[in-house]
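Q: One structure follows; several queries about it will come next.
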Amino acid sequence: MDSQRNLLLIALLFVTFMLWQAWETDKNPPATTQAIQQATNAVTGDATNQGVPASGQGKLITVKTDVLSLTINTRGGDVEQAHLLAYPDTLGSDKPFHLLETTSEFVYQAQSGLTGKNGPDNPANGPRPLFTTTQDSFELADGQNELRIPMTYTAADGVTYTKTFVLKRGDYALNVDYSVNNTSAQPLELTLFGQLKQSIDLPKHRDTGSSNFALHTYRGAAFSSSEDKYKKYSFSDMDENLNITTNSGWVAMLQQYFATAWIPTTAGANTFYTNKLGNGQAAIGFKAAPVVVAAGSQQNLNATLWVGPEIQDKMAAVAPHLDLTVDYGWLWFISQPLFKLLKFLHGFIGNWGFSIIAITFIVRGVMYPLTKAQYTSMAKMRLLQPKLQAMRERIGDDKQRMSQEMMALYKSEKVNPLGGCFPLLIQMPIFLALYYMLMGSVELRHAPFALWIHDLSAQDPYYILPILMGVTMFFIQKMSPTTVTDPMQQKIMTYMPVIFTVFFLWFPSGLVMYYIVSNLVTILQQQLIYRGLEKRGLHSREKK
């Protein structure tokens, strides 16, 4: 097998990849815009009238740290808005990324409360609790490392509920602590819950789609339990509601680069559930083990809420396996170590683009023995072509005998007919793993390289890199010996660089740059290997 046929194999692998991506997109089709209907009784007011609560609504208070800007509704104490201050909405924008949102077009909230027989959030006990606060806005001051937002509600029976949000500097994980002071004469049966609720259909301004070719990123729910470290649960899966009991884990809503998650921290078994609401919304949540607060006693209940980017090391520190929410697809076992290596290199280099170039040299250096074996195998196969042709003429149409004698010839000449394919079969998963890494790692979102490349996770706006990639592919093809004599195959090979250039027009610029550098290294390695093969009589220069 010669290098031209290797290019055909690469093309076949690419087509297979594209078909698989198309199947994934069909399985989880992007949602279309749809008007959000009236919220259910568990939903708080519309945030379009912020600061002017409608009848039955609570007051909207604002909370700001160095990394988060939140809006909390005092009716129930739900987080209705969340902006990520360190992440622009789009490249070059002054607006921070809008993660949680409550508008007439789209609802995405982090809810929590106390249900159970005596819970103030139990619909059977009336409207959700209306908390009071000492002020309408809270902000983390300079030199302050922790911000506490206490909210108090006193029920008709005299029981006092204090819901406190605790935020820390530089942290996307916030604690939600409930303190129940039962001053009544009766015990209270309570169940802590946390829920993430989101509109199933995306309005245009929330569309996370990309112009990258065949790109599909997951948007939906996920959870981790005692039995499953990480499991996606798409909106379509919620036609059959989740209902499991676990002693550990978390529930989450995911999208490209960002996530929200509830992590129960109260001891005991938790119930994880999903629910498709009748208003075009879906929810995933947890219910903690029920507790009984004796008359005249006090009880604390708590959970942790993650609202932010999918930063793997920080998420892993918050909860086991929470870092698995970074969507590296089915090649996660390659993408994860690749990203760790890339991050290590970035610590020294300081530029993600040059780090990708460095990792390309490392990968190709490690692959060099296989590459050398590939070219040696192809050279031996070329030398066997006259013997194989003579064998075909001698044996004729007896396929079984031809196959037997071919294998005997390969064995006697110590040639592996698949030796030229094996290195490619290893390189393609690495290439695809890098693709997923670029699409799933928030660190590479809007990461600049140099000159006109301002975002390595987006396509080259001027298509310069794909054209350069096609040029390098053309040179590799011209420098490679060929045994292809079929006119149709020759025509296909002639247009292969053009076809690949078109493929790469919409690929992330970081991935195209990886392929360009990989091709340049291939050219250098090719010349080095050919010189060695010439000395062994396995290769001769030929004019193309």
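Each Cβ is built from the backbone N, Cα and C atoms, and glycine gets one as well.
Predicted, not measured: the structure shown is a model, and the values here were computed from it.
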Q: According to Swiss-Prot, which stretch among 280-300, 343-363 corresponds to the feature transmembrane segment?
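A: Feature transmembrane segment in Swiss-Prot: residues 343-363.
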Q: As a quick check of your reading of DSSP, tell me how many residues in the region 'Disordered' (112-132) are helical, how many are strand and how many are coil.
A: 3 helix, 6 strand, 12 coil
Q: Who are the chain neighbours of the transmembrane segment (456-476) in space, where the CB to CB distance is under 8 Å and they lie at least 6 residues beyond its ends?
A: 3, 7, 91, 210-213, 352-353, 356, 438-439, 444-449, 496-498, 500-501, 504-510, 512-513, 515-516, 519-520, 522-523, 526
Q: Taking a Cβ cut-off under 8 Å, which residues six or more beyond the ends of the region 'Disordered' (112-132) line up next to it in the same chain?
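A: Those are 41-42, 44, 56, 58, 74-78, 151-153, 155, 161, 163, 176, 178, 180, 188-195, 262, 287, 290, 301, 303, 305, in sequence order.
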